[in-house]
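Below: one structure, written as structure tokens.
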Amino acid sequence: MIKLLYPKFWQKRNIIAYILFPISWIYQFLGFLRHVFARPVILPAKVICVGNCSVGGTGKTQIVMYLANLLKTQNIDFVIVTKAYGSNLKEATIVKAEHSTLEVGDESVILAKHGTVIATKNIKQILPLIHELKPSIIIVDDFLQNPYFHKDITIVSVDRQRLFGNGFLIPAGPLREYPNRALSAADLVFLVGNNSGGIPVSLASYANKLIQAQIVASSDIDKNKNYFAFSGIGNPERFFLTLKNYGLNIVGYKIFPDHYNYLQEDLENLSLLAKTNNATLITTRKDYVKIGDSSDIIVCLDVKLSINNPNLLYEKIFKKD
């Protein structure tokens, strides 16, 4: 799997974006063909699909965690289906405690602490496992653009800072599909980020289905130390902002590509940077689960989702036919 950083031209158009724009037409046409010829499978449970219009972190994982915890409080049997990014997975697998991130993906390992998880790269492979587990609800993490299964409820996550980038499709921009289509079809739109500033103009027409959300720290971390931060996630800027809002003194940071698998050399270099700055290393839970034996010298920041309108979410999840 190709791992890329979020290039600057994805946020603000430049000559590179315009050069790549014709390739975006090909991407769009291939997506159109997928939808034309797809025959969606109807899964034997209510399906809640959480996804986004664009590449990069938009808070999907935190939304899935929130939904999982919500369903637990209602004693509803559910299963989480993940896309197994960064893994060498060949077939759909129920995630166990002994599975590594290389086997099932980092998000699968994290979400397995919140409920039963099926990791897969092909949504059609989950059918035998779903029949075995017999959940009432299936939470699908990603697969929003996948036309091969029926979705009962769709939730689109949007990052408040990046929104829809430069407005171009991959590879000229960050978009997997144009926002108007995804947002119009969505049952709920989560705007994830600092709630100050009101609703962006591009989302104003979706205010009746909009939930504003913030990702906040849920860890108890010593604020009297210096920290050197690092991450290999889709939106590292939000992680660094969360650290700042938590009141930590960040003396430096290093960004790795999304879903990055750390080498021993990387960890040694990070340790040297931290030592040089008289600091302690700090990272995200997604990175932490991939570090292995070095995790005892690194602080992990856990986060959770805080939303402004839980009643709207409850209404959609529990009252929709």
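The backbone N, Cα and C atoms fix where each Cβ goes, and this holds for glycine too.
The ATP binding site annotation in Swiss-Prot covers Ser54, Val55, Gly56, Gly57, Thr58, Gly59, Lys60, Thr61.
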Neighbours of Ser54, Val55, Gly56, Gly57, Thr58, Gly59, Lys60, Thr61 excl. site residues, C-beta within 8 Å of centre, ATP: Asn52, Ser157, Asp159, Gly234, Asn235
Residue among the binding-site residues Gly56, Thr58 whose Cβ has the most other Cβ atoms within 10 Å: Thr58
